[in-house]
Amino acid sequence: MFLTKTLIRRSLSTFASSPSDSLLADKALTFLKRHPYQLHHLSANFTPEAASNLLLKSQNDQALILKFLNWANPHQFFTLRCKCITLHILTKFKLYKTAQILAEDVAAKTLDDEYASLVFKSLQETYDLCYSTSSVFDLVVKSYSRLSLIDKALSIVHLAQAHGFMPGVLSYNAVLDATIRSKRNISFAENVFKEMLESQVSPNVFTYNILIRGFCFAGNIDVALTLFDKMETKGCLPNVVTYNTLIDGYCKLRKIDDGFKLLRSMALKGLEPNLISYNVVINGLCREGRMKEVSFVLTEMNRRGYSLDEVTYNTLIKGYCKEGNFHQALVMHAEMLRHGLTPSVITYTSLIHSMCKAGNMNRAMEFLDQMRVRGLCPNERTYTTLVDGFSQKGYMNEAYRVLREMNDNGFSPSVVTYNALINGHCVTGKMEDAIAVLEDMKEKGLSPDVVSYSTVLSGFCRSYDVDEALRVKREMVEKGIKPDTITYSSLIQGFCEQRRTKEACDLYEEMLRVGLPPDEFTYTALINAYCMEGDLEKALQLHNEMVEKGVLPDVVTYSVLINGLNKQSRTREAKRLLLKLFYEESVPSDVTYHTLIENCSNIEFKSVVSLIKGFCMKGMMTEADQVFESMLGKNHKPDGTAYNIMIHGHCRAGDIRKAYTLYKEMVKSGFLLHTVTVIALVKALHKEGKVNELNSVIVHVLRSCELSEAEQAKVLVEINHREGNMDVVLDVLAEMAKDGFLPNGIS
């Protein structure tokens, strides 16, 4: 006790404090201990020297220091030196949270390197007075780093090292973390890490995790993996955070399978994936549209005892919305609410976007109301999504009502919002209103972009006013806005629709001259124009050109070409082209069979039959059924070929009931069964034990004389050979013999 008092007296002697300062300090101490409400009487005359005196006298009394800090902090006498003394004391007591707040207050006042040097000097001068440790420098460096004052943080590190102090791994980790968070160039972090090693500071698992996160964020997964491998050789075992960071890095690079492998390898290191691990993988799968695989991950999560949290549900809902699976998104939303979890603004915006995309604006508004009830504020994107949804349907009154609410809630419409309104007016054919919105944008200080002008231009093209569309193109060029591929494609399509193919071709040539690559819409418009003119050679030439240039034809392109070929009785070429939709890699993956089916009304009858055959060969009977039914809906009566293909397809797929139903329809319509179809149907019925149906088919075939004697014999032999059972055949033959219908070729 005597030694402590002696040291304090010695410390106080280093300050040039007057007796009056000492008296003030003693008086404040008395008030702090007994009458804290009297302290305000001292505030006006209290000096920085008195404050320093008080702090040093009471540096071993934690409660007293905290009381003084609470009183002194807002006052001017609590200077930088006083704050540095307080930081030393708080750190010594390990009151890191309170110390952090004070240190960040000091850091926030640092405007230049000179002040940072002053901070260090004050810490250095008061260091011995408080018997401090180097951890105080770690604390200050961390505070500068948390405020993203990275250069100032490093200057404190360098000053400390130059004066014999040893900032440790915490200081370097703080600087590295701030560097990554501020998205500074990753090379800066590499240099800091190199400096850290040169300073003999050993990295820990947090250091490596920070660096791995930085390299993953920069898209340099290879360097991140090198660090991952180096960790263990340096005695740092990767933890779950390390793995999660790398898995996320893989997912962001669309290397989800590599991410999965890493997830599986965690068990080899004795680590178990946590909820974040699974959420990262689910997010990667959702972004890639691999929603079927998500169910396997969810099953594994459930097996390991993890419940879905808000992040999981929000990710799943967004993923299902992106996929267009609105039903499953709504199921997830309902399940989320049942578990007492709150969807985020992003989740609701995704649901609203999905409903708008589906044209269900009533449901979209219901979700907006739900947001309000749950205390969530729609953001600019939410409102813009609704404005776009109403505009797409031409409900402009509702779109403007949402716009007013958007303004009332403090959100200024963006260029994207105005573009949605412009599009709405173009959809409804009110081009004057579209131009008015364009002018309104300019008045509000927003510059129309290429989308704004292209939308107006496209609107004029749809209104068959291509000359006005050309004027808009000239205006945008004068304003310094370069037309893009969409601009030219809209104009080309507009001219093609008016049979002004020469001008469309001139625009195409101009497009190439300015270095804009044509897309599938550009090519399809021109191909359609040539097909309409009967110039199939030029149309096919353009088709070949687009494939050579890596522009993948879509289903509309193929529909146009197939129709053109069929109209000129070039059926074989039409069929060959149609088969590309099934077997050639040059066909884009986003040409969905659903889209193809929807375009059946635009494809000639013979090609539709080929389409059915393609689906049956692939075992895609649901799609084949849809095409078959679409034929009936379009007054295209299926012929015998279509029925034979469908019956055979369903037999192969194992749907005997459907095959037999089609067989009865076919017989009723008077079409002939092919030998292969009969054999397939008989085999399938026999396999399923459908004796009555089997008898019916055989009797019909043999009595109808649809097949030749050789074909009839082939059917019967096939049954015996394949099934090893002649009982049914003999029964049928006996019945036919009675009626005099025994085939001549069978004895």
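Here the Cβ of each residue, glycine as well, is placed from N, Cα and C on the backbone.
Per Swiss-Prot, these features apply:
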type	residues	note
REPEAT	133-167	repeat 'PPR 1'
REPEAT	168-203	repeat 'PPR 2'
REPEAT	204-238	repeat 'PPR 3'
REPEAT	239-273	repeat 'PPR 4'
REPEAT	274-308	repeat 'PPR 5'
REPEAT	309-343	repeat 'PPR 6'
REPEAT	344-378	repeat 'PPR 7'
REPEAT	449-483	repeat 'PPR 10'
REPEAT	484-518	repeat 'PPR 11'
REPEAT	519-553	repeat 'PPR 12'
REPEAT	554-588	repeat 'PPR 13'
REPEAT	604-638	repeat 'PPR 14'
Would you list the DSSP helix, strand and coil counts for the residues of the repeat 'PPR 7' (344-378)?
26 helix, 0 strand, 9 coil
According to DSSP, how is the repeat 'PPR 6' (309-343) divided among helix, strand and coil residues?
27 helix, 0 strand, 8 coil
Could you tell me what the rest of the chain brings near the repeat 'PPR 12' (519-553), counting residues at least six beyond its ends with Cβ under 8 Å?
485-486, 488-489, 492-493, 496, 499, 501, 504-505, 508, 511, 560-561, 563-565, 567-568, 570, 586-588
Local confidence of the prediction over the repeat 'PPR 11' (484-518), expressed as mean pLDDT:
91
Please indicate, using numbers and ranges, the residues of the same chain that are 6 or more beyond the repeat 'PPR 5' (274-308) and have a C-beta under 8 Å from a C-beta there.
240, 243-244, 247-248, 250-252, 254, 256, 259-260, 263, 266, 315-316, 318-320, 322-323, 325, 328, 336, 339
Could you break down the residues of the repeat 'PPR 10' (449-483) into DSSP helix, strand and coil, giving a count for each?
26 helix, 0 strand, 9 coil
With DSSP helix as H/G/I and strand as E/B, how many residues of the repeat 'PPR 3' (204-238) fall in helix, strand and coil?
26 helix, 0 strand, 9 coil
Counts by DSSP class (helix H/G/I, strand E/B, coil) across the repeat 'PPR 4' (239-273):
27 helix, 0 strand, 8 coil
Counting only residues 6+ away from its ends, which parts of the chain sit with a Cβ under 8 Å from the repeat 'PPR 4' (239-273)?
205, 208-209, 212-213, 215-217, 219, 221, 224-225, 228, 231, 280-281, 283-285, 287-288, 290, 304
